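Enquirer: Okay, handing you the structure first.
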Amino acid sequence: MVHGCGNRTLKFLFFTANLLTCAFGALLFGISLWAYHDENFLQKLEKVQEIHKEYSPELTQHQIGLWLLIIIGASIFLVGFLGCCGAICESTKLLALFSIIVLILAILEVASIVLIIAGKDQFKNALYNLLSKTGESEDEMQHFKPIEDLFQCCGPTNETMVRYIENGLCEDELRNKPNCFAVISDHFDSSQKDIIKISVVLIIIDLLALFSTSMLYKAFRYQTPYYYA
């Protein structure tokens with residue numbers, strides 16, 4: 001057991017930081033998973049995407065970024081739990097393992113954020129081009145109807161709204177709704193901002209955790225008066 005007020009305080013702060021890491025990791029996992037599945041939006045979009053496969057790489061890049069954050073969120077939750085156990089048990093092995101994993105996850109978090117931000121415009125352009133072509137045949141227009149119902153929008157883009165109204169695919173209140181590209185873009189922008197905010201907070205917590213881990217590691221390994229506060 002560590003001695004001294006300073007070391008005990010550091011141990012308490014480290015334990016608290018890891019509880020926060022668990023909480024934010026679970027939050028990142030939940031929001032990223034929600035953004036990925038999003039009431040089966042991507043599954044519905046895949047039916048349209050199968051017809052126009054030339055836009056698959058950009059859409060896939062966005063999905064990869066979300067999958068990385070889902071995996072990272074789950075891993076951070078487990079690592080936070082591992083850090084709590086290391087602090088309680090005062091295990092240098094657990095703390096060393098914790099530091100290595102946290103460092104790797106912090107790098108992956110940064111890479112995921114960069115991937116999502118860098119691919120944002122490409123994703124929107126690919127989505128716009130894909131949606132613009134969904135009115136070329138009646139079958140494609142019928143495939144798009146579930147997305148209209150899901151997001152309460154009319155027509156894939158502003159240019160195709162009239163065609164969908166004329167074919168009876170924007171019934172009742174949907175006639176007065178904005179186009180689906182505008183609604184979906186706003187929806188993704190909102191979820192992306194939430195994910196980035198949580199990721200930045202997690203990166204800061206990770207850096208603080210690495211610093212406090214190095215201090216605790218010394219305190220646990222060298223429990224001599226020199227290390228006492």
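Placement of Cβ uses the backbone N, Cα and C atoms for every residue, glycine included.
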Enquirer: Please work out, from what TrEMBL records, which of Cys153, Cys154 forms the disulfide with Cys170.
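Expert: Recorded partner, per TrEMBL: Cys154.
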Enquirer: TrEMBL pairs Cys153 with one of Cys89, Cys180 in a disulfide bond, so which one is it?
Expert: Cys180
Enquirer: About how far apart, in whole Å, are the alpha carbons (Cα) of Cys153 (disulfide bond) and Cys170 (disulfide bond)?
Expert: 8
Enquirer: These are the disulfide-bonded residues: Cys153, Cys154, Cys170, Cys180. Which one scores highest on other Cβ atoms within 10 Å?
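Expert: It comes out as Cys180.
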Enquirer: Work out how many Å separate Cys154 (disulfide bond) and Cys180 (disulfide bond) at their Cα atoms, rounded off.
Expert: 6
Enquirer: Roughly how many angstrom lie between the C-alpha atoms of Cys170 (disulfide bond) and Cys180 (disulfide bond)?
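Expert: Just about 11 Å between their Cα atoms.
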